[in-house]
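**Student:** First, the structure itself, so that you have it in front of you.
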């Protein structure tokens with residue numbers, strides 16, 4: 001696996017691979033990699049001949065008071081994990097390489113509606129930062145396909161919409177959430193949790209799973225379901241950001257006759273913000 005730091009080097013390496021007739025896959029990350037990221041790279045390697053990953057902690061998607069400065073930078077360990085997972089090329093640019101004229105004058109990409117609400121409500125500008133950096137990376141790599149984790153469900157919806165609306169010829173693949181044995185979704189931010197907080201954190205998954213099971217059994221009073229779920233999270237020591245049942249494709253509030261649903265949440269354990277979701281496809285409408 002080679003590591004490059006400039007757009008010119010990146011494009012030259014990708015051009016060589018494409019000139020050899022190889023199908024190109026891309027996995028963008030912010031580093032501090034775990035088994036969930038490795039699963040994305042493995043999926044990419046299964047679908048393509050040449051896998052490009054990026055590591056870039058994107059300042060444009062962090063708001064005031066968020067963890068930009070303390071977000072772990074672990075390049076050497078990340079390189080080893082990417083190599084083991086089947087990555088061929090790592091792009092690890094500086095902020096100056098990505099935003100040479102500065103972020104204040106950077107052209108922005110905004111995906112309305114899908115970026116609003118849920119994480120967008122408590123993190124204004126976040127998805128604009130995500131869409132902007134991902135569109136830049138897509139233009140730099142020009143992959144045939146890109147792989148994203150389903151844990152970031154709203155982000156995946158935003159990226160799919162951006163690719164569709166801007167006519168980008170890129171297949172977007174979602175990879176199921178990788179979890180610890182106790183159900184906690186793997187996240188780079190789990191490392192911020194104290195041992196006591198880590199022991200309590202799986203309650204987020206248990207709550208979502210219980211809500212999903214109730215829906216499968218026919219529960220359609222989503223307001224009551226959310227209220228019960230929130231009480232469980234409160235009892236486990238979480239501080240609320242949001243807990244919702246939404247239509248999985250549009251992210252609008254769920255309606256009783258919807259077949260594709262997502263139970264989705266963000267909550268704070270101490271100062272650490274955790275997100276998770278469970279997707280449901282209902283084959284038959286139940287009473």
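Cβ atoms here come from the backbone N, Cα and C positions, even for glycine.
Since this is a predicted model, take the numbers as computed values, not measurements.
So Swiss-Prot lists the following for this protein:
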ACT_SITE  37  active site, proton donor
BINDING   30-37, 149-152, 178, 186-189  ATP binding site
BINDING   61, 155  (R)-pantoate binding site
BINDING   61  beta-alanine binding site
**Student:** Ranking the binding-site residues 61, 155, 188 by other Cβ atoms within 10 Å, which is at the bottom?
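**Tutor:** Least crowded of the binding-site residues 61, 155, 188, by Cβ count within 10 Å, is 188.
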**Student:** Distance between residue 36 (ATP binding site) and residue 155 ((R)-pantoate binding site) at the Cα atoms, whole Å?
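**Tutor:** Rounded to a whole number, the Cα-Cα distance is 16 Å.
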**Student:** What Cα-Cα separation, expressed in whole Å, is found between residue 178 (ATP binding site) and residue 155 ((R)-pantoate binding site)?
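**Tutor:** That comes out at 16 Å between the alpha carbons.
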**Student:** Sort out for me which one of 30, 33 has the most neighbouring CB atoms within 10 A, since those are the binding-site residues we care about.
**Tutor:** 33
**Student:** Non-local Cβ contacts of residue 150 (ATP binding site) (under 8 Å, 6 or more apart, same chain)?
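**Tutor:** Looking at Cβ-Cβ distances below 8 Å from residue 150 (ATP binding site), excluding near sequence neighbours, one finds 156, 174, 175, 176, 177, 277, 279.
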**Student:** For residue 188 (ATP binding site) and the residue listed as 'active site, proton donor', what Cα-Cα distance in Å is obtained after rounding to a whole number?
**Tutor:** 10
**Student:** For residue 33 (ATP binding site) and residue 155 ((R)-pantoate binding site), determine the Cα separation and express it in whole Å.
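**Tutor:** Cα-Cα distance, residue 33 (ATP binding site) to residue 155 ((R)-pantoate binding site): 18 Å.
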**Student:** Measuring Cα to Cα, how many Å separate residue 61 ((R)-pantoate binding site) from residue 30 (ATP binding site)?
**Tutor:** 11
**Student:** Does DSSP give residue 178 (ATP binding site) helix, strand or coil?
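**Tutor:** In three-state terms, residue 178 (ATP binding site) counts as coil.
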**Student:** Can you tell me how far the Cα of residue 37 (active site, proton donor) sits from the Cα of residue 30 (ATP binding site), in Å?
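**Tutor:** Cα of residue 37 (active site, proton donor) to Cα of residue 30 (ATP binding site) measures 10 Å after rounding.
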**Student:** Among 36, 37, 178, the recorded positions in question, whose Cβ has the most other Cβ atoms within 10 Å in this structure?
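**Tutor:** The largest 10 Å Cβ neighbour count belongs to 37.
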